[in-house]
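Here is the structure we will look at, set down as structure tokens.
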């Protein structure tokens with residue numbers, strides 16, 4: 001019987017299997033940031049051991065960092081402490097750190113791929129839910145807890161139970177105005193925020209293989225939002241072209257050897273998945289969430305579901321979400337005013353996202369009622385945006401390109417949305433209070449965010465495209 005992509009990568013990393021228990025899995029790369037690493041470093045220090053393979057760990061501060069004035073001391077005490085502690089720990093244990101001011105600093109899931117740290121066939125972990133981003137390269141990548149961060153620092157291994165496999169096949173061509181973010185929001189809306197629980201997802205089909213690497217990262221990034229352990233896409237020429245020449249990519253003969261191996265990383269034609277779902281790209285429109293989990297999503301031109309259409313077991317959650325958001329069952333969102341637009345995060349803070357946003361707003365003006373946060377995912381993205389003149393296009397339209405960080409994706413830094421206000425966000429989570437106490441989040445694509453930013457209200461971007 002053939003093997004799935006997940007099985008091939010998993011089997012290549014099993015050190016040993018525990019009878020009737022988990023496997024001990026070798027971890028190729030661990031990415032760390034300032035929030036989930038202090039306790040892990042404290043743990044290995046208390047035990048009197050070092051980092052087993054420091055060259056396989058890469059650190060960068062992202063969650064707590066300000067997106068303006070990064071040359072100045074961080075104002076908030078806890079944020080400053082955590083960023084300083086990361087620097088101290090990396091220096092003490094010999095871990096590579098891209099600190100504030102470094103040319104490669106940024107959101108950890110943007111930095112990994114753009115530096116060539118992320119490669120096909122790897123196992124990659126991070127104390128962060130959206131580690132699944134790296135699965136776009138055909139790697140097994142997943143988020144772990146702080147105690148597991150410590151395990152990997154100490155041993156470069158992790159005990160893991162093998163997940164089931166879920167194949168999500170999407171064929172056809174995406175319509176104008178529909179992007180990768182809409183694809184993943186559509187899938188999550190179809191299967192719910194818990195529909196992927198217990199599975200590792202492989203995305204495939206013509207609609208997936210036609211996407212750029214940055215678009216594929218957007219899709220894999222949000223795998224966790226359907227409850228899945230992670231998501232993967234088989235590497236192909238698009239993958240290889242993206243990686244080639246990057247700082248830590250293999251060079252010379254090693255590149256040829258690597259590509260030869262990477263070309264074996266696909267699901268065999270006779271591989272058996274535990275579950276398969278198929279979708280038609282033509283059915284997907286520009287998406288927007290209306291509730292308090294990413295599964296509460298609709299095409300922007302559709303109405304919020306009626307209460308009668310909601311399963312009995314979900315009605316309490318549905319009503320609670322609508323009450324928090326200030327919406328009603330059956331409402332149309334078209335025309336509703338919003339207060340904030342956030343472009344950024346590990347989901348949509350890459351150069352293609354900035355290009356898409358800037359191209360749309362060029363020659364237009366930010367609506368007067370909109371507060372905008374335009375945040376590149378890394379210093380490299382920021383540098384590229386400036387080189388392309390994106391900062392000037394944004395400025396002429398009334399927007400400001402800020403410095404890199406997680407920003408308004410989560411309320412752990414200065415970029416917070418005030419209570420009761422609506423933020424149209426290109427990030428990955430719309431939980432209660434995610435962007436600030438009482439903040440109301442609506443998840444969208446960068447293209448839809450751009451349309452709303454210049455309109456001041458929720459619109460269907462397709463009606464504004466030539």
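The backbone N, Cα and C atoms fix where each Cβ goes, glycine too.
Feature annotations, reproduced from Swiss-Prot:
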- 346, 406, 409: [4Fe-4S] cluster binding site (BINDING)
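Cβ contacts within 10 Å of residue 409 ([4Fe-4S] cluster binding site), excluding its own Cβ and spanning all protein chains shown: 30. What surrounds the [4Fe-4S] cluster site, by Cβ distance within 8 Å of the Cβ centroid and not counting 346, 406, 409, is the set 62, 63, 107, 109, 130, 344, 345, 347, 349, 377, 405, 407, 410, 427, 428 from the same chain. Around the Cβ of residue 406 ([4Fe-4S] cluster binding site), the same chain contributes 62, 63, 65, 107, 344, 345, 346, 412, 413, each under 8 angstroms and 6 or more positions distant in sequence. Other Cβ atoms within 10 Å of the Cβ of residue 346 ([4Fe-4S] cluster binding site) number 29 in total over all chains.
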